[in-house]
Each structure stands twice: as C-alpha cells, then as structure tokens.
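S.K.: First, the structure itself, so that you have it in front of you.
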Amino acid sequence: LPSLAGFVVGHAGLYQALAMFAVAYFIIGMTVLSVCAIATNGALDAGGAYYMISRALGPEFGGSIGIMFFLANVCGSALYVLGLVEALVDSFGIPLGQEAGTGIHVLPQSYWYELLYGTVLLALCLLVCLVGASIYAKATFLIFLIVAVVLGTILVSFFATRPLKVPIHLPSSNGTETDNGFFTGFSLSTLRDNLGGKYEVDYTTGQRMSFSSVFAVMFNGCTGIMAGSNMSGDLKRPSYSIPRGTISAVLFTYLVYNLLAFLMCATCNRILLQKDYGFLRDISIFPPLVTVGIYAATLSAAMSNLIGASRILYALARDDLFGRALALAKKTSASGNPVMAVILSWLVVQVVLFSGKLNTIASVVTTFFLLVYATVNLACLALEWASAPNFRPTFRYFTWHTCLLGIAGCCVMMFLISPVSASASLGFLLLLLLALHYLSPSSTWGYISQALIFHQVRKYLLMLDVRKDHVKFWRPQMLLMVQNPRGSARLIDFVNDLKKSGLYVLGHVELQDLDMLPSDPLQPQQESWLSLVDKLNVKAFVSLTLAPSVRHGVRQLLFTSGLGGMRPNTLVLGFYDDEAPQDGLARHPAFTSAREEVPLGFPPLRAPTGPKLLSAREYVGIVADALKMLRNVLLARQLESLDKAWELRRAASPAPTIHVWPVNLLRPDSARYADTCSLFLLQMACVLNMARAWRRARLRLFLCVEAGTMPHAQEEKLRQLLKDLRIQAQIQLVPWDAITRLHWQTCQGSPGGPAEEEEEEEGVVNFPTNTAQVSDEYVCAANKLVLEQSPAPTVRFLYLPRPPADTSLYPLYLHQLELLTRGLGPTVLVHGVSAVTSTQL
C-alpha cells in the first residue's frame, strides 16, 4: 500500500491521486455490493466470481468470464512476483556498471537473473498453495500481522523522522546518475508543490507515465476484493464471511490509501516520490521492517492470485464446460486440494513472467479485472431485473442503479486505461461466448436469460391489446392438431411455412380420464414433444390436453391455447380418410441426415385396419365447432406425400407452382371470387409463397367461367383485385359449362338457390345444407376438372364449404370432400371467416 501510494502521488499529485482512489473505489464499491448480494442469495461453491456469474448468467457467460478471470489472476500473480523482484533488486542488487557488489548488494541484475529470482519466488508460492488452503490462510494471517505492524511504523515515521536528504542512484546511458530527494517533514510548501500532477518517465520501464497508465498500476492494488470470494469453496460460511470481510477490506484500504497520499504529499518532495519507489525505508524509524513488510505483502498478493486462479480453473474443469481440455485440472489431493489446478496455474504464471517488467502487463491485468467486475454487476443487475421470487439475498444494500453504475464505471475505465487492451479483451470474450454457446453441453443451473425473457414477454403481452387489432397487421396464428407426430412430420413442417411469423401451436388430445389415473400422463410426454420441435426446427409451442373425446379436446385447445393477444385464429386438421398412415418422421431429413433416433415417447402408428380415434361425424363436428368460434379452418390432405426439399430445389423448369381455386366447387350456383372465404384462401396461398423455401414457386389462379358470362371482363376484374391486394399470380381461365350442366340437372325442382347463399354470408350458426344440392357425379367431374390442369402443382388450395346445419348430413359432406380431393396430391381445403386482406396503406 505505501509504495503504491507513493508511485501514484509522485506522478499524479494529491488532487489526481485522490480522484483516482475515489474512482477506483467507487467502481469497486459498486461491484462489492453486487458480490455481496449474489453471495448471500444461496450456497456458494468453489470458483468465486466465476461460480456467481455462471449460475446467474449461464454457462456461456460463466465459462468465458471464468477464463478471463483465471487469466486476470494469473497475470496478477505474475505482476506481484515481478514487483517483489524489483523490490529485491532495489535493495540487494549490484549497481549497474559494477562487476561485483559490496555489503548487502550481492544480487546480479539482468533480464535472466530477474527471471530466475521470479521463478524462485513463484516456486515458494507454489509450495504454500500445494499444501492447501489451511496453510495458506495461516500464512496470510501472519503476513497480515506483519503488514499491520509495518504500516503502523510508517505512519509513526512521518511524524518522528527529522528532515533528511535521500541520495538516489539511477541507471543512465553514461552509467549511474545520482540525484537527491528530500524528506522535508510536514511542510506547507512541499504540500503545494505536490498538489498538481507532473507525469515523468518511469525509471523502471523507461516509459512516460500518464493518468491512464498510473491508474492501471494503481488499480491492480485494489483487485484483492475478489480474494475472499475466490476462496468461496474453502470457507465454512461464505455467505457470512464474504460480505463482511470484503466490505471491511475495501473501507480499510481506501482510508489507508488516502491517509498515506496526504502524508506523502506533505512530507516528501516530487523527486523522492518519482525516482525512488522504496523511499519509505529511508525515512522509516526501523528500515528493515519496511523491507520485510513490502516483501511479505507482495508475496501474499502473489499467493492470493495464484490460489485464486487455481480455484477458478478447478471450478471450470469440474463443470466440464471445456471438455477434455481441462480434465487434468479436476484431480485433487486426499484432502480435496486441487493440486493439478494449482500446478497448471503455476505453469501459466511462469510463462507470463517472461514479459519481464511490472508495468508492461499492468494495463492488461486491469482490463481483465474490470471486465470481470462489469460482468459481476451485470449478473446482479439481471437477477434484480428478472424479479424472480427466489432472488432474495440477505444483503439488501444494493439496487439496480448501483449495478448499472458499476457496469458503466468499469466499461469507461477499461477504455480510458487502454483502448487496445479493452477492445482485444471484448473480442476475446465474444469468441469465448460463441465457442461455448455452440460447443458446451447444456447445464441444469438455470438460465437468467429465460427469466428476463419471461419478464419482458409478460410485459409486452399485457401491452398487446386485441381491441387495437387491425386487418392490415393480421397474421395467421395456427393451431395444428396432431394425433401422432410419426405420421405428421411433413404437415408440421408445411404449417410452419404458413404461419408468417405468427403463433404456431402443436395441439394433441390424449383420450384418458384424469379421475381414473394416479398422475397427469401428459407431463412425461412434454419432453418428447419439445424435442420434436427442436429436431424439426419449427417455431412452435406445444399444447397437450386430456379429454373424453377428440372433439372435446379440440374445443378445450381452441378456448385455452395462447395468451392475451396471441391466440390461434386458424385451426389446421389432417384429412379424414382411409389411407394407411406412413411414418414420415423416420424419413425426415432432421433424423436421416444426422442419423439420430426418432424421439422416444411417441407410440407406433395405428395399423391400416385398426380403429380410428374419432368418427366421421365427430371430425366434421370439430370443423363446425371451429367455425362457430370464428376460427378459420384448413384441412390438409396428402401433405405427407409432399417432398418439399425435392419439389422446391429441383433445377429443372418449369418452376414449382401453387394452384389456387378460390371458388366453392360444391356450390357452382354461388361461385364468387370476392367473398370472405375466397379472399382468405388467396391470402393463405400468398403467405405460403412469401415463405423463404417457397419463393421460387409461382401462384396460378383458376377462374371458372361459363359461356355467355363475359369471361374477359371477369378476368380483368380479378386481375385488378390481385393488383389491389399486391398478389402476383397468373390467372388461367377454365371453362366449366359441362360441370355446371350436371349440377343444374341435379337441381331441377329441388329447393335452394341464391337465398341460401345469402344465409351463408350473413349467418354464423345456421349453415345451409349445401351438400344436398350436388351429386357424386358432379363432384367427380369437378375433381377431374381440377386434376386436368397441368402441369401438376406442388400443392393445391381449394375452397372448403361450410358443414351443413343438419348433423345427419355430416358423413355425406365428408364423403363429397373426399371425392373432390381424391388423387389431387398435396391439397389444402380452406375456409375463412374473418377479413384478412387490406388495400390500405
């Protein structure tokens, strides 16, 4: 402490020195508050700041900051060893230019000799750390007593020592240069001379000092605040000891620094402060004691950083974030001391010692420590902002304001000290983050990002007001009902393309009665469904429910799925037919390319002759329920035969096409192209075409015309509608006189007509009995008309009429839908109940 204070005051002067101490301890104080908050929020293990950050911010941040903190402690240990070597050489080194020393000056001076001295001192630190934390604690307590006595002696010396002249011998190009420093005792003149800054060349490095370089060296003397937290795994009560010990140490050292700075400015002239960092020996009432104190304090700091680095390395290895790379560091002694981590840390410190000079690595070490402190504050800030109920530290003297101030202070000082080191450190941190994000195994620590996302999503969901919805910003929000994912993999992928950044929910109904079960059977299935979503790479939620029937289950999901303004507005069902289900999941590229097994938990597909879970009447009832609840409905047939990857990526021409039939083929007497359902059908086809995978496809719109109805006028009107809706599509005229003739022959003398069409448009509950008005012969002819349009498209969109009001006609309705879509390949039947297109800006 005294030597460092003299260095700072000599170059910066009293005013700037006090400012440096205030800034440094402000940053440290904010960080200490965050450390204390995290330390008192649960049980701490080995690793100190790394453990706090990793358990708060997750393995990516924790692992990357752990490496940075390890390197900071390693470089810090080397820094203190080099400082001790300088002190030894100043006291016992042979003066430059002399071949042999006299008296106590017996140590040769050169780069290699100083490296040797540093190696010996580091080996001494290694021996203490290898014995274990108990001997380290005893050694540091003994050193503390020595330093306390020395500090008391120095304070007394400022008052007891008389004014004296201190000769200073400095190396120069001509050999040795001699100058004189003065200890004047308390002098107002000396104090005035030392108030302002006067940055000179540092005689140990030959570099001119500046505010940032002096601050960098000074800040290293304040980094011991993490020494206690680094030993968190060796403390009996870390949540009790860390706050009290850390806060006490910070307050004590801050007061001592300021007191020493004032005393030195009032008693020592600038030459003495700048050119003799060991001047305290000359003015002490007992000089040998000062030397012992300096050596003991520096050795203690070197040991503290070495053992701290080893504990961080051991914690990183134990968490397996870097796999086999750190496997060796896991090994411990019989008493639990991580000896291999200590040895590895010692080796890295030994490598850093080759840098040679103290101030050369000071800025790098300071940048690393500041980055770690900023991240500790960030971890505490994230925990506070997440507002998780389990974040309730017993230390309450902090707020999110203190965390933000700590982060800002650390970041500003990083770039003030060394912009290059700060930028390089942030770049290195980013590389570690990316590497750990993609390579590290998943952890069970809990991710603060999830808590923050929850907090923000809840806030924005409350702001998402359904009363402010506008058709301009409508988007499909899909609920896809899936009986067994094994037979629906391609349908799941297809609907993912249809959602257009909207809500996508995979719904499943389990036919069981909870009253007859010991526990909820859906919980074990949830993991399999979530794994399926991950493997298929679809942006979907999963919603499972228990119900006595599929129809009741779908009703439950339509009523309860989603939250606030994010609720499904479109129900998607697979088609009800007698085709045998195919296991598309086993053939899906997500599993075949990676050679991974299909997620467990899904039962095998039913046999082709096996019973179905719902009847035809219940299936049509689900469609009717959805329309009553003002949900749009999509029925997807033969989507499992759609090989999207092959269809859309083939280089052969022509380009893949999407056929759109926006006319109710089962109601030729009411065929219109501008009703709500037709416009919704157009919108869904356009949305599919806007998906990235489908952009090569071309929309082809079929306009059914009869003789004598001015087809070109109808085409022009439809083309204008497409232009207004900004939909690019090719219009193809399809004569269907022969088809409609079949219809009118069937309808001779039967009730119905335009009046019922009015009912379809205006009524929501009273559905027209349209299935009674067309014959199977007509439907087969309509199917043939659709099938004859070549070339064969990738997918077809057809108009889905409403189910009849008479439930006894449900089987006939479904039968005619089956005839209409038979052999068409991938087909989507669409019925829309809400306006979804807009011509407004």
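Yeah, the Cβs are placed from backbone N, Cα and C, and that goes for glycine too.
What TrEMBL shows for this protein is this:
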type	residues	note
DOMAIN	6-479	domain 'Amino acid permease/ SLC12A'
TRANSMEM	12-40	transmembrane segment
TRANSMEM	61-82	transmembrane segment
TRANSMEM	115-136	transmembrane segment
TRANSMEM	141-160	transmembrane segment
TRANSMEM	209-228	transmembrane segment
TRANSMEM	249-272	transmembrane segment
TRANSMEM	292-317	transmembrane segment
TRANSMEM	338-355	transmembrane segment
TRANSMEM	361-385	transmembrane segment
TRANSMEM	397-417	transmembrane segment
TRANSMEM	423-440	transmembrane segment
DOMAIN	490-578	domain 'SLC12A transporter C-terminal'
S.K.: Compare 12-40, 61-82, 292-317, 361-385, 423-440 by their Cβ pairs under 8 Å to the transmembrane segment (338-355) and return the stretch that comes out on top.
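M.R.: Per the Cβ under 8 Å count, 292-317.
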S.K.: Taking a Cβ cut-off under 8 Å, which residues six or more beyond the ends of the transmembrane segment (423-440) line up next to it in the same chain?
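M.R.: Sequence-distant neighbours of the transmembrane segment (423-440): 59-61, 63-65, 67-68, 321-323, 367-368, 371, 414.
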S.K.: Verify whether three or more Cβ pairs under 8 angstroms connect the transmembrane segment (361-385) with the transmembrane segment (61-82), leaving out any pair fewer than 6 apart in sequence.
M.R.: yes
S.K.: What mean pLDDT score does the domain 'Amino acid permease/ SLC12A' (6-479) have in the model?
M.R.: 82
S.K.: Within the domain 'SLC12A transporter C-terminal' (490-578), count helix residues (DSSP H, G, I), strand residues (E, B) and coil residues, in that order.
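M.R.: The counts are 38 helix, 22 strand, 29 coil.
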